[in-house]
Amino acid sequence: MSENQDGDPQQEGLEQVELQETFLRKAGGKFSQCLEQRKAWSNWHRSERKLGKCPRKKVEESIECGRGGKDPKESAAQQTNQKEKKPYTCLDCGKSFSQRSGLICHRRIHTGERPYKCLQCEKSFNAPSALIVHQRTHTGEKPFKCLDCGKSFSRHSALNSHGTIHTGEGPYKCLECGKSFSVPSALITHQRIHMDDKPFKCLNCGKNFSQHSGLINHRRIHVGERPYKCLHCGKSFIVTSALITHQRTHTGERPYKCLQCGKSFTESSTLIVHQRTHTGEKPFKCLDCGKSFNRSSNLTTHRRLHTGERPYKCLDCGKGYSGSSALIVHQRIHTGERPYKCLDCGKSFSRCSILIRHERIHTGEKPYKCLDCGKSFSQRTGLIKHGRTHKGENCENASTVGKASVRTHTLLDIRQST
């Protein structure tokens, strides 16, 4: 490395004086017009000479007033024209760029060159901007903050994608269900739900996935890998998103709020599903019977009624189920687990639905109403039994009437709540 590149302050000072004299001499009568440009060139030269990039002759040529002292408006207009023209074209693929630096970075895709290396993990990148974004994975820096919920992101593009959760809008819309996305790749992935396109297959169990990342996460089920651990309670998870959602049970954070009823949720996907209770939207339709659902998972479980598939099997008694949630509830018979506790009397239950019914004893709520006499009941079974008093002792017909009354009343409840 030369002496100038080492940054000798005395030598650098002499060069600056000489450069300023050269600039003033060549500016002539246009001193006031070129004064600001002189300062800019002086600062730029200092940094470039330290890197050994800028020959002195080139600097003297560049500070000719005919080039360096142009009107700012005129320079801006020229730059706009250059961007529109995109004069720098890649000879490999034909892609054009408005700036030479853009072409240089792009060519590294073809050459495989990655000159920007992370000092912490030695990962390399073809552009300095990519390295800066990557380094945030080590520092934890998230400079882009959502003004709606306060969530921060390491990339501006991630913030833009997140913003559609609050607005419910995106430029890329699914023609099947109307869901919008901020990037086309997200729309393409989503459309596989409707097309049932799942090109990524697990070699262990044969399950297919629409995304490669989904397959990678699924494989951890077979190997038992749970790399993401909660620092509060020690619980581990297969994916980072599950850990982030779980941590909100400790913090109480519910960043996703429904604009119609004010209810908040820990996950954006839960908010999207909830909003369908207001709109009545059921975008997932069964091709066998035509029944529609507001969740894709509900459709998947429903299809098993037609196929007879019961992939979730109890290891204790061998009983099979069409959905994982049904298996989890069943296993509590063997384990004795009762995770749902009444805050009024302390009694515990194996299912959330049983707890809800029990709580009506304390609240006095009676949501099941007889359409014949107006009498209300806290449980559906109570309404069915009561229906027999109006329809005689024909249990079969009375039960049918009772069930119809319950369905009608439940539908009325849903409509009133929305």
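Count begins at 1; order follows the chain as displayed.
Every residue gets a Cβ built from N, Cα and C, even glycine.
In TrEMBL, annotation is done automatically, which means it is predicted and not curated.
Summarising the annotation, TrEMBL assigns domain 'C2H2-type' to 88-115, 116-143, 144-171, 172-199, 200-227, 228-255, 256-283, 284-311, 312-339, 340-367, 368-395.
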Contact call for the domain 'C2H2-type' (172-199) and the domain 'C2H2-type' (256-283): at least 3 Cβ pairs under 8 Å, seq gap 6+: yes
Same-chain residue ranges lying at least 6 outside the domain 'C2H2-type' (284-311) that approach it to Cβ under 8 Å: 177, 193, 273, 276-277, 320-323
Spatial neighbours of the domain 'C2H2-type' (116-143) far in sequence, C-beta under 8 Å, 6+ residues away: 105, 108-109, 152-155
Per-region confidence, the domain 'C2H2-type' (172-199) (mean pLDDT, whole number): 77
Contacting positions for the domain 'C2H2-type' (312-339) when only residues 6+ beyond its ends and CB under 8 Å are counted: 301, 304-305, 348-351
Secondary structure composition of the domain 'C2H2-type' (172-199) [DSSP: H/G/I, E/B, coil]: 12 helix, 4 strand, 12 coil
